[in-house]
Every structure is written in C-alpha cells, then in structure tokens.
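K.L.:
Would you mind keeping the following structure in view while I ask a few things?
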Amino acid sequence: MMNSNEIRKLFLDFFKEKNHRIVPGHSLIPDDPTLLFTSAGMVQFKPFWLGNGKEKVPFSRAATVQKCLRAGGKDSDLENVGKSTKHHSFFEMLGNFSFGDYFKKEAILWAWEFLLEILKLPGENLWVSVYEEDQESFKIWQKVIKTRKIVFLGKKDNFWGPAGDSGPCGPCSEIYFDLGEKIGCGKKNCRPGCDCNRFLEFWNLVFPQFNQKEGKLLPLGRPGVDTGMGLERVLSIAQGKISDYETDLFAPIIEKIETITNLQYGRLKTKDTAIQIISDHIRAIVFAISDGIYPENTSRGYLIRRIIRRAARTGKSLGINHSFLYQLVKSVSKTMQEFYPDLSEKSEEIIRIIREEEEKFGELIDSGENLFAEKISSLSGRQIPGSLLFKLYDTYGLPFDLMQDLAEEKGLLVDRDGFNGLIKKQQERARKSSKFTSSKALEKDIPGGDFKKTAFVGYGQESVSTKILRSFQSRQEKDLKDILVLQKTPFYPEKGGQVGDRGWIKNEKMEFEVLDTQKDEAGDILHLGKFKKKPLFEIKGAEVIASIDKNFRKTVSSNHTATHLLQWALREILGKEVEQRGSFVGEDYLRFDFSYAPEISTEELGKIEEKVNRKILENSSVSIAEMELERAKRIGALALFDEKYEKNLRVVSIGDYSREVCGGTHLAQTGEIGLFLIKSLSSIGKGTKRIEAVTREVAYQQTKREKAIIETLILRLKTSADLLLARIEQLFKEEKEERKTKEILMNRLLDLEAKELLKKIKVIQGIKLISEEVAGFNQIYLRTLSDILRGKIDSGVILLAAKFKGNAFLVVTVTKDLIKRGFSANSIVKKLTSFLGGGGGGREDFAQGNGKNLSRLKEVLKKIEEFIEKNEEKRAG
C-alpha cells in the first residue's frame, strides 16, 4: 500500500520525465495582496500567465507539491472541517503547470497515464466532468474514457478561479473516483454533480485562458495549464480508505489524541468529528507558525488564533480540560518530516507558541464562560443583541467567535450586524481622537485662525531666523502641552518612520524647548515642547531663532543612513524579494520590518551586519537628487510605489549601490556612522521579519558592555578568550549529565516509594485503596508516582497528596474496571479539593487539583474512604 511520501515522489518523478521543472512549494504567506494564504499551487505562478505573453519566464513547465491553507475568505473550508472527511483547512496540492507551452491534450492524457499506469487506480471507478462549453476537452477525454462517464457541468462546478479577486482563470475538467452505491444517495442516475458523497473529486485540470480584472474577463497573454490534485484525497483512494483521516497523514496524530483522551477513534460519530477537527487544525496551526504566521489580533494571525481556539474548545468536548494541542506537534512533525525536514528544527518554538496561546485561551474560557452565562441569563428572546455582545467584547475582552460558540452551545443566535456596527463606531471615535487634532480643527479655538503651511528649510539649514504664526496647547498630549507654528523651520517633522527633530526656539524674552516635531493633516509643522522662559506678551508675529539639536539630528541621521545600508545588505544576502514593510528611525536605535518568510540563520545575519560595516569603512558618499517618479523607477530607486508621492521625489543614493526614494535626513558620508550592530531579529507575523540595530555611540557602548561580560566570564571560568566557548559547552554538557543522573536517582526513589506505598494498600468494601501523603515530591513527580502505582495494581483507587510551595496537591487515579462501577477521578478530586479551599478536575480515570488549607489534608486522606463506602452502598441498594 502506497504512503504519502511515495505518492509525492511518484508525482514529481513522473512530471520530471515530462520535462517539468520541479519547483519547491511556496510559503503559506502569498506574495499576492488579494490573498490571505496560499490556497492553491498556482498562486506563486500567477505572474507567469499575466502580461502580454512576450516577457521571458524562467521555465515553461513546472511541477510542485504545494502546502495550502483555506481558512478565510471565499476559499475557506473551515466550516466543513470535521463534519466532512474530505475537507481540510490545511492540505497539500500536487500540481503540474504549463505557461504558454502544452495545453489541454497533454494535460488530460498525462493525468490519465499517471492515475492508471503509475498509481494503478481502477479505471472503472474513474469519471470526469468538463465545462459545458468546452467541446475540445470533451473530445480528448473520449479517447480514453467511455462517453457515458463524461459529464458536462456549468460555471459553478467547471470554471475555476481566480485565486483571490483578480488574476488568471478559465474552464476546468475534474476527475472523480466512484466510491460505490453504498456511499451515495442510492439513485440510479447518480453521477458527478450530485450533492451526495458517492463521487469524490480529487484532481482538477484548469486551463487558464482569461485574466479577471475589475469584474471583466480579458484574454491571457500566456494561456496554459494549472492542475491541482489533493494529496489527502488521492491517498485515501490509493489506500482504499473511505476517510482521509484513516490515512498515514493523520494516523499518528489521531493515535496521540486517543492517548490523551482515552477514547478510541471510530466508535462514536460525535467524538470522531471532534477528533477530526483537532487533527486537521493542528496541521494548519503547525505549518502556519512554521511559515511565520503567529497568533495575533489582525489579518492572518487572527485566523490562526481562531483555529487554535476552535481546536482547544473542541478538546473540551472530549473531556480535555487542560492545554494539549502542543503535545500533538511532534506527531505532525513525525508524519511530515521526510518532505518538510524544517518542521523538526522548528518544533520546539512551535510547541512554545501553541502552549502559550492555549494557556492564555484557557484562562479566558474559565472566566469567559461564567461571565457569558451570567450576562445572558436575563435574556427573553433567542438572539443576543449586538449591544450586549459589544459590551462583553469591549469591557471584558471576550472575542466574538468565542461568544458565538458559547451561544451556539446554548441554542442562541447572535446579532453579528449590530455588533459589527458598534465596532465601526468605536473605530471612528478612535480615529477622530488621534494623536493630534489638525490645525483646521483647532481654528475655532484660536483667535485669528487661518493657518499658513510652514516652509521647511531643514535639509540645508540647522538654524534659521523666523516668525511665530501661532501658539496654542494640545488637548491630547499629557506631557507636551505647548505647540508653536512657525513661518519657516529647520525642524524635521516625524514622517517616513523618522522621529521629529528636537531643539530650541528663542529670542531675548522667551525660550521654548522643542521636544518633538510633528506634521498635522493640514500640512502645518507643529513644534511640541515647553516654555523654559515664558513671555508675558502675545507672541504671535514675534521674531525668533529656531535651532535644531545638532547631536540629536546627527544620531538620527546616522540611523537613517544605516537603515538604507541595511535594506541593501538584506537584498544582497537574502534576495531581491526582500521588500520594506515599515521602519522606525530614532535616536537610540533603528527598526526595519521587511517581507521574508524563511528563517534567517545566525550565519546569514552575521553576513548582513558585516556587509553594512564594510560599506561604513569604505566611507561611501551619500548624495541626494530630486526627480520625477518615472525616472526614479527607471534608475531602480526602491520605494513603496503604491503610496502617493509628490510630483518631484527626493532620491537618496549611497555610492553606486543603494538608491531609495526618501524624505528623511542623512549623513554626508557612510563613515560617519562609525559602527553598526544588529541587536535583535524577530518574526512579527504576516511573513514579516524585524531587525533592530544601533549605530555610533550606542553601538560602541553596547560593544563595551559585551566585552566586559566576556572578560568577567573568562575570569570566573578561569580560561582564555580562545577557549571560552569550549569551556561553556563543557559546562552545559556537565549540567546535562547531572540532570540525567538526577532523573535516574529520582526514578529509583519513585520505585522505592511505590514499593512502600503498595505495602499500605487498604481494602474498603472490596475496593483496593492507596491514600497517602508523600514528602519531597512536586506535582509532576506525584503524577509519575501515581502512574507507577496504577501499573502495579490490577484494580483500585489511588489518592496521593504532597505539600509544595504552600499548597496541598492531590492526584487521583481510578482503574478502568472501577469507572464502570460508578467511580470517577474527576468527581473525587472536585469533592476533596473543596475541603482544601481549592479546586481541580480531569478525566474519569485521572484527575488532579490543589488547595491552600493544609490543616485539613489528613482529613481529606480519610474522606476518600467515605466516598468509596457510599458509592458501593448506593450501587448495592
């Protein structure tokens, strides 16, 4: 029986023999701004079909195995996951592509050859559908399959695309596998297109001929072929399984869920649905995080957060009342590691992120369910009004999708439109009360009104004689209350990521310290600060000297020039696909956000830092020129060209290697930067990385601190600089060995403790009982000890208690035969911990809890005997 790895390899090898370039699958974060996720194999190739057909493409045939995620937008399969055994949020798509090369004939005949000759699928079970207007495909299919097994379908079924709101699309032909009469509706005329599940569509052959743009279908410059075969579906067919979840792609994950829940998959439909949801979702979660999509409150990250929460809540329906999803990561990695080896390398980080997210959500559920129940208790109808949902969201922080799930469990509806309306109103209020009110909005409060735009002269002058046009106070800022508007100014206002200038505005009778410079919506430059010497007269029209803080400007300019060098170095080392996503240029550090999905190694980061410092040592000249947008594009100046620019742009060039459209301030020579150090690299989601770095004095001071730390380590470890790393590695090795020794000793101690406890078995009403306090163990070892004892007794109840850090911890184990007689570890723990002033819970066979009332611990250890007696009396009666 073929497994998933074999089918991937067979597919790629087959099309390699047909002269296809084997292209690695793309990240789940697409380059297409109209898409949330990579949802099909063709996404990375969309540009190949566009244009006039004359542009060169690197290859005309390609084959891929593409990981796909459909969890948001029009392609979402999320609602069907679990209920259907054939829909998934995450799946793999096997695809072959032609860009102006072969067309329908080759695509159809090769697909048929692969299915019958390579996979050896039974031809009698195969059916196909074609677009109702596509006679060409119909005639080709007639050569290999009986006409009665070719079905014409309409645009809904057999016209594909585009992926997103625009792009390539065209007619398609789909291949189906007949699962047999027992699966379907039972009708004699059942065939592809029927709503039943008998015919499984598993390979879609799309023939892109059009480009959808603004709702119109235009001819494609380079028509071609775009096929997609779902690995999960074709694998279930090849392995003779009715459900995708029975294949080797899911088996290890489901086995782990069975271990965690003590449930058996395939016994009860409702439980199976929950297990399927979890096993599907954990694959989506693991691959999304691996590609840099982290759970957060916006965009892609929000959908991943929703998937994590949906899986966690589904776990509760299986009796899992603790974090568990992170325990499935290794099972996903084990299943997929042969084709995706990077999963193993990233698994610890993925586990950490999932565990943190689960724990945060667990806290939210614990408080949220009670709060939700309390707030809806007085409702008279079946719909929860948007105003109440908004209050729970805005005041108590309950996410809408959690409230929706809780409402569904109680058979209630939610007023989504009312909720969304209130959210929009809140966003509008927030926008109106932004950091600064525009000058125009302030006119009614200032006698004279009628502001004039300040002339900025700060590129060439550091100090200037000017006039005060207005003086007023900001009602938004707590610290920066006084604002001056000047006729002209050398102060650079915050924009393009660069902070505003600082400095002084003064004359003989007044002194004003500028702490920040901003530009409002009307175009006025606002100097924010405080009067050091306040005039006793009206200052409108007063002549003043406005001078920037030269050291502050130079430090900020150093960081800005270094940011340009950093972007150049990133593109040199990582590739031209690196694009700026945002930046911050301040006095103490610079921050640069850029698009790049793969992990960046320590070696690559070192090369980037070295490249920047090499250019600093070269002392390249920094030149500035004004030009029109089209010329800036022609000379290769980097810019966010989807933003609106003035007619004339300012282009900053460094040597002959870096050109960027930029309105910020810069140094004259790169050598003035002095030193460049990368402080941190992080992923901030959405396929975006962030680098923070320092220059000049800050970089020097950091180097000094790090040198001092190294020198201290050399002294403390009694070694030399050359041998320091080896000495630290040796210490790590020794510490690891000590931990291993400690673990061995602890296991021996646990075995000895278990032997002693087995001597203390009591028999209550024919039930074996171990009920003891053990000293010197924390909660983890208490659980381990309980597991050892369970393996030693064939039937019984085990209650172990330990005092640790001011708490009394309890673990209760009940053997499976006693569960059938009405015993429940979960019920016992809840009753016992209530005597200790605490709480707990778990499964029928195992539960744990704690409480702070240590004085009642001995009483609790006796109480369990009463519970056993009452249970047996009740059962006998």
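Every residue, even glycine, has its Cβ placed from backbone N, Cα and C.
So TrEMBL says this about it:
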{"type": "BINDING", "residues": "H560, H564, C662, H666", "note": "Zn(2+) binding site"}
{"type": "COILED", "residues": "728-755", "note": "coiled coil"}
{"type": "DOMAIN", "residues": "2-705", "note": "domain 'Alanyl-transfer RNA synthetases family profile'"}
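I'd like to know what surrounds each of these features in this structure.
P.N.:
The secondary structure of H560 (Zn(2+) binding site), as reduced to three states from DSSP, is helical. Note on H560 (Zn(2+) binding site): other Cβ atoms within 10 Å of its Cβ, all shown chains, come to 24.
Sequence-distant contacts of the coiled coil (728-755) (same chain, at least 6 residues past either end, Cβ-Cβ under 8 Å): 713, 717, 774, 777, 781, 784-785, 788-789, 792.
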K.L.:
Whose Cβ lies within 8 Å of the mean position of the Cβ atoms of H560, H564, C662, H666, the Zn(2+) site, other than those residues?
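P.N.:
Same chain, not in H560, H564, C662, H666, Cβ within 8 Å: S557, T561, T563, V585, V622, V652, E660, G664, T665.
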K.L.:
Who sits close to C662 (Zn(2+) binding site): which same-chain residues at least 6 apart have their Cβ under 8 Å from its Cβ?
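P.N.:
Same-chain residues close to C662 (Zn(2+) binding site) (Cβ under 8 Å, separated by 6 or more) are G496, H560, H564, R650, V651, V652.
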K.L.:
Can you check which residues sit near H666 (Zn(2+) binding site), meaning Cβ under 8 Å from its Cβ, same chain, 6 or more apart in sequence, and list them in order?
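P.N.:
Sequence-distant Cβ neighbours: S557, H560, T561, H564, V622, I624, V652.
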K.L.:
Going by DSSP, is H666 (Zn(2+) binding site) sitting in a helix, a strand, or coil?
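P.N.:
The three-state answer is coil.
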